[in-house]
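Encoded as structure tokens, the structure appears first; notes follow it.
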Amino acid sequence: KAPQPFYLRLSRRGVSTNMTASTVDARGNTPRKKTSPEECWHVAVIAGLLTCLASALTRSSGFLYVGIMEQYGVDHEKASWPIALSSVLNNMAGLIAGPICQKIGAVPVLHAGCVIMWLSLIVSSFSPNITWLAITMGALFGTGSGTTFMTLHVLVNQRFQKYAGLALGIMYTGCTASAFIFPRLLLFLANTYGFRGSVLIFGGVVMHATALALLLKNPDSVQHNSKLAKPAAAVTKAGIFTVEKDRSSISEDFQKQASIDNQRRPDPTSLTYGATVLSSPMLYVILFTYVVLNFNFGVYMTTVVDFAIDRGWTVTSAVNLVPLFSITDTVGRLGLPVLADKGYIHRSTLAMLNYILMAVSMLALPFSSSYASLLMVCMCIAMFQGCGMPLYPALMAEYIGIERLPIGYAIVGAVAGPLYLLNPLFIGHFRDKMGSYDNMYRTLAITLALVGITWSVVVCAERKRTRRWSGSYNKEESMYITNTSLERSGNYQSFSGS
């Protein structure tokens, strides 16, 4: 008697045999494989170009800060309000855009954000006073840029898995390119057409964001996720031949269980599922990190040009600092995250080292007496700030999960956004009342050190868990668990203590 095929033997043992015998369709053609997420590098490049335009105001904030004081005749505190409001709405835009993105996808929301950006700048050129400028250049542009950044984070994380850090680094390289282009461009335009004319042309340049956004589309895997809600029982497609033998009694039980499992599976597009991110302790660690990083970045980028002028350098020399230290910014965005992508270092360890070194660099800034020493310290700060920017969304995706990213960004932005209203008061207190930025930079260094200490606690906790796991598994299994302890699926993050 000839031996039975293995799938019939497995069938009688209670294993479902709904297997595809071949992947050849009715015409005899082999279906073409879909492009791997790792092959969609054009998405990262386009995201980088959009980031270049969306970050143009922030990267030019030092020039705009000085220009606003001259144009409207206001003090340091009032001049910082448009930039501060831009930072506030940049973060809080996710509160509205996040749930919409969760339901309809990132691309339509991205289109709306791009239009708001350039429209706000064009209107800003006609602002009669600092109040209107704060509304148009501050609130409206911040809303548009915040919506753009949030949707780009989602799109890039959806496309990339293994090289998420590198892809986000390419995206954030647009910020570096913006620092090379816009400060000097706006300085030239202001000298040629005046401050208002430079802002009007600025809006025309940013208008190109809409054209770039039209090149992006939602990934097929997240198009409303309708397929995830279907029962796991096989739906035979036309033209596909499958092997089905002796499966009636076995597959009935399997289908019933699969149906129950799919009924229990939460809809990843629902707000209820997205809200489960609140149960993740690491959300609050990342929230604290994000608040400190962006508060430091906003204050630093706003004041560094004025700080250099206070030290006796000309406006041109001070503005030239921005493109020069953007060189190391690029290194931080592209080079350092790759260390985590390649597995040389855990992202949590990279975050710990990055913020400790950034704190040391910020502490050294007030002691810079020459232009060379000032430039060197600024380059160090820029490198670590550059690393922190793509590291933040990579940590969000790693600890929170891809499917919950829109709601995660919305929650972080809703909490962090209002805190940036303190920027003008913070800057005005040290510069207008105390007469110097020195103690302000020392205060910023302390907050960065606290973030580094927080991540050191996370690193110690993860290593403790790894050692506990290694006592229950063999060496091979332990290595696998260590490499995958931070689940990319994000349904349950690994530092929950459970």
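Glycine is treated like the rest: Cβ placed from N, Cα and C.
Feature annotation from TrEMBL assigns domain 'Major facilitator superfamily (MFS) profile' to 40-464.
As annotated by TrEMBL, transmembrane segment applies to 104-126 (among others). Sequence-distant neighbours of the transmembrane segment (104-126) (same chain, 6+ residues past either end, Cβ-Cβ under 8 Å): 50, 53-54, 57, 93, 97, 133, 136-137, 140-141, 143-148, 150-152, 154-155, 158, 196-197, 199-200, 202-204, 206-207, 209-210, 212-214, 216-218, 222-224, 406.
Annotation comment: TrEMBL describes 132-156 (among others) as transmembrane segment. Sequence-distant contacts of the transmembrane segment (132-156) (same chain, six or more residues past either end, CB-CB distance under 8 Å): 43-44, 47, 50-51, 54-55, 57-58, 64, 68, 72, 81-94, 97-98, 101, 106-107, 109-110, 112-121, 123-124, 164, 167-168, 171, 199, 209, 216, 218-219, 393, 396, 405-406, 409-410, 413.
The transmembrane segment annotation in TrEMBL covers 163-182 (among others).
Summarising the annotation, TrEMBL assigns transmembrane segment to 194-216 (among others). Sequence-distant contacts of the transmembrane segment (194-216), counting only residues of its own chain at least 6 positions beyond either end whose CB sits under 8 Å from a CB of the stretch, comprise 43, 46-47, 49-50, 53-54, 56, 67, 70-71, 107, 110-111, 114-115, 117-122, 124-126, 137, 148, 155, 182, 186.
Annotation source TrEMBL lists transmembrane segment at 271-293 (among others).
Counting only same-chain residues 6+ beyond the ends of the transmembrane segment (344-365), those with a CB under 8 A from a CB of the stretch are 165, 289, 292-293, 296, 300, 307, 336-337, 374, 377-378, 380-381, 384-385, 387-388, 391, 394-395, 398, 441-442, 444-446, 448-449, 451-452, 455-456, 458-459, 462, 486. Residues or ranges marked as transmembrane segment in TrEMBL: 344-365 (among others).
Sequence annotations record features per position, and here TrEMBL assigns transmembrane segment to 371-395 (among others). Listed by sequence, the residues of this chain that lie at least six past the ends of the transmembrane segment (371-395) yet keep a Cβ under 8 A from its Cβ atoms are 153, 156-157, 164-165, 168-169, 171-172, 175-176, 286, 289-290, 293, 296-297, 300, 304, 308, 311, 313, 317, 321, 324-333, 336-337, 340, 347-348, 350-351, 354-355, 357-358, 361-362, 364-365.
According to TrEMBL, the transmembrane segment annotation covers 407-428 (among others). Long-range contacts of the transmembrane segment (407-428) within the same chain, counting only residues at least 6 positions beyond its ends with a Cβ under 8 Å from a Cβ of the stretch, are 75-78, 80-81, 83-85, 87-99, 102, 146, 150, 153-154, 271, 274-275, 277-278, 283, 286-287, 290-291, 294-295, 298-299, 302-303, 396, 400, 440.
Tertiary proximity for the transmembrane segment (440-461) is limited to same-chain residues at least six positions away from its ends with a CB under 8 Å from its CB atoms, namely 282, 285, 288-289, 292-293, 295-296, 299-300, 303, 346, 348-349, 351-356, 358-360, 362-363, 365-366, 426-427, 430-431, 495. Look at TrEMBL and you will find 440-461 (among others) tagged as transmembrane segment.
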Local confidence of the prediction over the domain 'Major facilitator superfamily (MFS) profile' (40-464), expressed as mean pLDDT: 82
